[in-house]
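This report refers to the structure that appears directly beneath it.
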Amino acid sequence: MKFLVLAALLTAGTAASGVSPTALWQFRGMIQCTIPGSSPYLEFNGYGCYCGLGGSGTPVDELDRCCQTHDQCYTQAKKLSSCSFLVDNPYTNSYSYSCSGTTVTCSSKNKECEAFICDCDRKAAICFSKRPYNKEYKPISKYC
């Protein structure tokens, strides 16, 4: 639920200010690239113990483990001196990437923080595309 509120606020803020999409929306685009026809926020937010904002417990399956790894990657990004908390944090910093077929490529023109975040998102999107989706794990809270 918190993630959906955050997504709604980011959408409103982005639309109102006319700025480029934030990393969350770019992550959505990467998932749609690797899994054409998917609805990432509807399908993955609230899946397992780690997909969505926050996470705890033991991942329920390999797809949930993708989310746990993505969370850990963002934690590492926040430790970089180039990823400041307010401006260049993983949830709001935009980056450049391209999609060709189902292949995502991060731009070599990204700065250090942008490149790190882009790679976190790219690896997670690829991971999602290679793991089965188990409907019984959406939504889930009793195992976390």
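Placed from the backbone N, Cα and C atoms, the Cβ positions cover glycine too.
Binding site for Ca(2+) per Swiss-Prot: Y50, G52, G54, plus D71 from the candidate set D71, D119. Candidates considered were C33, C66, C67; the recorded disulfide partner of C51 in Swiss-Prot is C67. If you go by Swiss-Prot, C49 shares a disulfide bond with C144, out of C127, C144. Per Swiss-Prot, the residue from C73, C83, C99, C106 that shares a disulphide bond with C33 is C99. Listed disulfide-bonded residues near Y50 (Ca(2+) binding site): C66, C144 (candidates C66, C83, C144; Cα-Cα distance within 10 Å). Looking only at Cα atoms, D71 (Ca(2+) binding site) sits nearest to C120 among the disulfide-bonded residues C33, C99, C120. Annotation: no disulfide-bonded residues among C33, C66, C83, C99, C127, C144 have CA atoms within 10 angstroms of the CA of C118 (disulfide bond). In space, D121 is the closest of the recorded positions G52, G54, D121 to C73 (disulfide bond), judged by Cα positions.
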